[in-house]
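Below is one structure, written out as C-alpha cells; the observations come after it.
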Amino acid sequence: MTSPGSSLSIPGARSFRNYSIPRGSSPKLERSSSPASSGHTRRTSSGRYLSLSRDESEMGGEVSSEFAYTVQIPATPDFQSMSGSMSGTTPSVRPMDPAMAGKAEQQFVSSTIFTGGFNSVTRGHVMEKMMELEAHHPQLACARGMSCSVHGCDGKSLRDERGEEMLPCECGFRICRDCYLDALASPSPKCPGCKDDYKTCDESSRPTIFRSLTTSLSMNPTRMERRLSLLKTNNPGGLLMHQNSNGDFDTSRWLYETKGTYGYGNAVWPKDNGYSKNGNSGMGAAPATFVDKSKKPLTRKISISPGILSPYRLLVLIRMVVLGLFLTWRVKHNNPDAMWLWGMSIVCEIWFAFSWILDQLPKLCPINRMTDLQVLKEKFELSSPENPDGRSDLPGVDVFVSSADPEKEPPLTTGNTILSILAADYPLEKLSCYLSDDGGSLLSFEALAEAASFSRIWVPFCRKHNIEPRNPETYFLLKGDPTKNKLRPDFVKDRRRVKREYDEFKVRINGLPDAIRRRSDAYNAHEELRAKRVQIESGGDPSEPLKVLKATWMADGTHWPGTWSHSGAEHGRGDHAGIIQVMLAPPTYEPLLGSADEENIIDTTDVDIRLPMLVYVSREKRPGYDHNKKAGAMNALVRTSAIMSNGPFILNLDCDHYIYNSLALREAMCFFMDRGGDRLCYVQFPQRFEGVDPNDRYANHNTVFFDVNMRALDGLQGPVYVGTGCVFRRIALYGFDPPRYKTRPGCWETLSCFKKKKHALKREVEVQTLNGISDDEDDAIETLMLPKRYGDSATFAASIPIAQFQGRPLQDHGVQNGRPAGALTLPREPLDATTVAEAINVISCFYEDKTEWGGRVGWIYGSVTEDVVTGFRMHNRGWRSIYCVTKRDAFRGTAPINLTDRLHQVLRWATGSVEIFFSRNNALLASPRLKFLQRIAYLNVGIYPFTSIFLVVYCFLPALSLFSGQFIVYQLNITFLVYLLTITVTLCLLAILEVKWSGITLEEWWRNEQFWVIGGTSAHLAAVFQGFLKVIAGVDISFTLTSKSGGDEEGDEFADLYVVKWSALMIPPITIMITNAVAIAVGTSRQIYSTIPEWSKLIGGVFFSLWVLSHLYPFAKGLMGRRGRTPTIVYVWSGLLSVIISLMWVYISPPQGSAAAGGGGFTFP
C-alpha cells in the first residue's frame, strides 16, 4: 500500500487553500509566486498539512512562504469590496472570463470540503473522491473528469453545466481552475499548451444565458453586490445596504422599505425610464402598472357544516353547565362515613372539569382548507407580460434535515429522506437541501455522498414516470400493480434497472461502517509502520511503545476532520471543527436534458437531469460551550443557508420523515403567496406514520391531536409547531413582527401590567425603525444593535431584506406589501469559496455568544420541546400559522411501536411541557397579541402533565372504596346517577360529532382515551416529578432502560411491538392494575360473607375499577409480550407494592369481623 503520508502518493495535495477569517481585522492576501503545479505543500506523518495548523492562525495568519497557498477574503464589515484594486498586495491579473469564472469557482467549491471554527483558519481541501465508487454527474461533487494537461498537475479540468470540458483557449488545451488562475496571474498570461496569449472562443457561439450572465456581471462589478442581489439607484452609493459616515453598514432601512425588484440571486434593475411617471428610477418611485391577472384565490377556507358544528357547540355548553351543577351538588352532599374518600374525589373531579374546559374551548372553531395548485401554476409559472419566458416566479425553499447519531438514526433512512427531497416537484433552481450532522460522523458524510450519487438515477426516473411516493424504499415495497397509470412503454424496463441500482445502493450504505473501519485500520497500521521505521532510523529503542493516533480516514486518504471512531484531540463527539461540503452544486439556470447514452441507466431523453443543491453541514463543537442540542443545530442551518442560498422559506424534517407527496411544497406556497400570506409565520402539516401495528395499540398515529385539536387551532391563530413537517417564513424566525399588525389596544392589553405596555411600545418603535420611520438617532442605535441580535456576519445581515422581499406575495388588487411579478425569474450567482468560507464562520461555536440566537431569534433554547416554544414565540408576536391537510399525505415518518419507547417519547414531551409552565413561555405571561382561545390552548400545553397527579389518585379511589366498603358518595341515589349519565352521554355525543367533522374513527378516539390514562399514570407523572426537582433543587433526572427481553422473531414487521423493556415508568400503572384487581376480589368477598351486604357500594366500586382496568388493557397486553413472557421483575415490583398497600390499609382501617351464615366461622380479614 502506498504511504498515505507521502507527498507524492496523495493526489491533490497542492489543492489545499486557507481561507483565513481572523476576527477584528481583514486577512492578508498573499499568493505564492511559484506555479501551482510545483506541489510544494508538505504533509506531516499524521497526514496534516503544515500550512493549516491552528497555532499559525493564532499568530496572525502568517505562514511560511515555502508553502503554496491562497487566502480568499470573505465579506466582513471591514472589507466589503471583493473585486477592487489591491495594488501592492497582488500583481496585476488579467480578468478571467466571467462565465468561465463562475463555472470554475462552482466546480472548485463542489469538490472541496471546508472546515474551520473558533480561533482557527477556515480551510478547504480539494477531494479527489468522497466514496469508494466514483460516479459521473455535472453537479456531483468529485465527479469523474479529465485531468489537467499541465505537467505535474493532477487536478481536474474545467467542466461546464453538462459535465463536458471547458477549454479557455482555442487550442483545446485542458487546464484546471488553479493552473488557469496561475497562468492569468503571470506577467504575460499565456496558454501552457500553445504558449500564445489566451484567446477565447467566439462569444456568439456561447449559449445566450452565458452572454447575459457576462453582461450582468459587467454591469455590477462588486461580487458581494452580485451575490446579495443589491438594488442599484441613481444616488451615489445608494445601495440597499446604505453606509453611514464611518463606512459601516446602516441597517436601519432594511425591512419593508424598498419598492425595487430582486431576483433569485441576481438583481432586476429598473428600466431606463424608471418606475415613476417622470422617469426617475429611485427606490421611492411607484412600480409600473401590471396587467391584471386572474383573481382566483390560491386557497379557500371550508367551514364545518352548521348541522355538525352547532350541535357540537351546544353539547359543549350543556356539558359545562351539567359539570357545574354536578360539582355543586357533590360539594354540598358529602359522605360523613368517609370524608377522606369524598374529599379526594371532589378535588380530582374539580381538576378534571378544569382540564376538560382547557382542552375543549379551543375546539369550538374548527375549519378545513383547500388549495388550488392550478392557479398557483398560472400565476407563477406560465408566460405573462411580466414573465414572457414563463420561468418559475416561485420563491426559494431551503429544506433542513437534522441527524445526530447514525447509530440510532440509520443512514439508509436518512438517505431515503434526502432522495425524496431531491425528487420533489418544485423548481430545481429554487430548492436547496441541507443535512445537519450534529455528530460529525464520517458515516453520515459518506452515506450522503452515496445518496447524492444515486440521486442522478432516481430523480430523473421519478420525473420521467411521475413516481409517487418518491422515497425509493417505500416505493419498491408498495403492494399492487406498479404499472398502473404509467403511459411510457419503457417503464417496466426502467423500473427493473433502477430497482437493481437501489439494491446495490442499499448494500453500499449498509456496508459503510465496515468499509470505514477497514480503511481506517489499514491507514492506521501503515502510520504505525512508518512511525516505527522513523523510530529505528533515529536510533530509538524499538521495544518502546509508540503513541500513534487512531484516526478515521476519508476515501481520499486524508484525516476526517469530524468525530473519529477513537476520539482524539479536536476529533470527539463534542470537540471537532465545523464542516461544510457541497455534495451537489447549484443547478444551472436552463434545463439540462438527458440523452439515450448507453452509459445511462435509463433513457433520459427529454427529461431534465438537473438536481437541487445538496449540502452537508456539521457545526463546530468545542468543550465548554453549550451547543443546545437540536435547536442549536437548526439555528446553525438557518445561518448557513442564509449565506449560501437564502431561500425565503424553510422546511424542516426529521431524518426519518420523508416527502410522501411531491407537491407538498407547492401546497404550502399556495398559503404564503395568497392574499394576507405575508402575515403567516409557518404552515404546519400533519404527521403521518408508517410501520404502526394495525390496531394502533399505543395510539402512535395520534389522530385525535393531529385531526381534531390541530384543525380546531387552525380556526384561531393557527396550529402549534410540532417539530417536523413545517414550512417556515425565514424572517419570522429572525424575530421580526408581522406586517400591518393592528396596534389598537384590546381588553387583555388594557388589563396588562405597565411593564408589558412599556415592552410593547419599545417593540413598536423597533419595528418603525426597521421600516425607516425613525430619526437618525434611532438609526444609529439599530445599527449598533445588529451584532447583538444576529452576530457579526455582514453577509448574513445583508441577506435579511432579500429574504423578506422574495417571500412577499405578488402585487395584486387587495394584496398589500406585494412584489412585482417576474422578480424571481433570473438565475442566481454560482457559489464561490468566499461564500462557503463565510458559512463556516457562522457555524462556529462562538458565533452565538452575546447574541439573541435562541432567545428571540431562530429556534428557542431552554426546553426539550423547543418546537412548541418556537411556535409560541411567533404567535406571541402576532403571527398566524396555517394547518395544511392534503388529500395525499404530505409527509410520512416512523413512530416507536414498542411500549417502553413510546412511554419515553411521551415522557420527553411532558417534561418539555412542565418546563414551559415554569418558564417565561407560560401562556399566562404572553403578550396581548396572543388571542384568548389561542392562549387557552398554549396554557393547556403547559398544564396537562399535572393532571397525572389527580388521575393516579382517582385510579386508586375505586380500590380504596372496595377495600373500605365505602364509596365517594353517601349512597347511590337517583340524582347522582342522572348527573353521571348526562356527563357520560354528552361526552359520547361530543366524540361522535368530533368523528364527523374531523374524519377519525371511534376506534381511534377510544385508543387515544386509553393511552391518555396509560401516559397519565406513568410518563406524565414522572415528568411532573422531574420538573419539580429541576425547578426546586436543580436536579435533572432521566429515566433509562435497565433490562430487555423478547423480540427474537425474524421477518416480523411488528416484532418490536412484542419486545418488553423494563422501565421505572411501568411501576405506577402496574400497581394500579393489580391493586384494582385485588380490590374487586376483596370487595366481592366482603359482600358475599357480610350479614348485611351493601350491593350498591359494591357495584359502584366494581364499575369504576373496571373502568380503570379497561383503559389500562393495552398496557397489560404490552407487558405480556408475544407469548406472555413477562420479566420477573414486573411481578416482583407489582406484587410487592400491592401487598404493601393492602397491609397498610388493613392496619389503618381494620375491618369489622362478621361470622358467615351457616356457622362456618369464617371471618374475612
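Yeah, the Cβs are placed from backbone N, Cα and C, and that goes for glycine too.
Positions annotated as active site by TrEMBL: Asp438, Asp867. The UDP-alpha-D-glucose binding site feature in TrEMBL is assigned to Ser402, Lys408, Glu409, Asp438, Lys629. Taken from TrEMBL, the feature Mn(2+) binding site applies to Lys630, Asp654. Here TrEMBL flags 1-63 as region 'Disordered'. Here TrEMBL flags 936-957, 969-992, 1012-1041, 1062-1083, 1095-1116, 1128-1148 as transmembrane segment.
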Measure the Cβ-based neighbour count of Glu409 (UDP-alpha-D-glucose binding site), defined as the other Cβ atoms within 10 Å of its Cβ. 18
So which of 969-992, 1062-1083, 1095-1116 has the most C-beta pairs under 8 Å when paired with the transmembrane segment (936-957)? 1062-1083
Among the recorded positions listed as Glu409, Asp438, Lys629, the Cα nearest the Cα of Asp654 (Mn(2+) binding site) belongs to Glu409
Expressed in angstrom and rounded to a whole number, the UDP-alpha-D-glucose site built from Ser402, Lys408, Glu409, Asp438, Lys629 spans a maximum Cα-Cα distance of 15
Have a look around Lys630 (Mn(2+) binding site) and count the other CB atoms within 10 A of its CB, chains all included. 19
Taking 8 Å from the centroid of the Cβ atoms of Ser402, Lys408, Glu409, Asp438, Lys629 as the cut-off, which other residues in that chain fall inside it around the UDP-alpha-D-glucose site? Ser403, Ala404, Asp405, Gly439, Lys630, Ala633, Cys655
Specify the count of other C-beta atoms within 10 Å of the C-beta of Ser402 (UDP-alpha-D-glucose binding site). 21
Using a 10 Å cut-off on CB atoms, tell me which of the binding-site residues Lys408, Lys629 is the least crowded. Lys408
Measuring Cα to Cα, how many Å separate Ser402 (UDP-alpha-D-glucose binding site) from Lys630 (Mn(2+) binding site)? 8
Which one is it, among the recorded positions Asp438, Lys630, Asp867, that lies nearest to Glu409 (UDP-alpha-D-glucose binding site) by Cα separation? Asp438
Near Asp654 (Mn(2+) binding site), how many other Cβ atoms are within 10 Å of its Cβ? 22
What is the number of other Cβ atoms found within 10 Å of the Cβ of Asp867 (active site)? 24
What number of additional C-beta atoms lies within 10 angstroms of the C-beta atom of Asp438 (active site)? 22
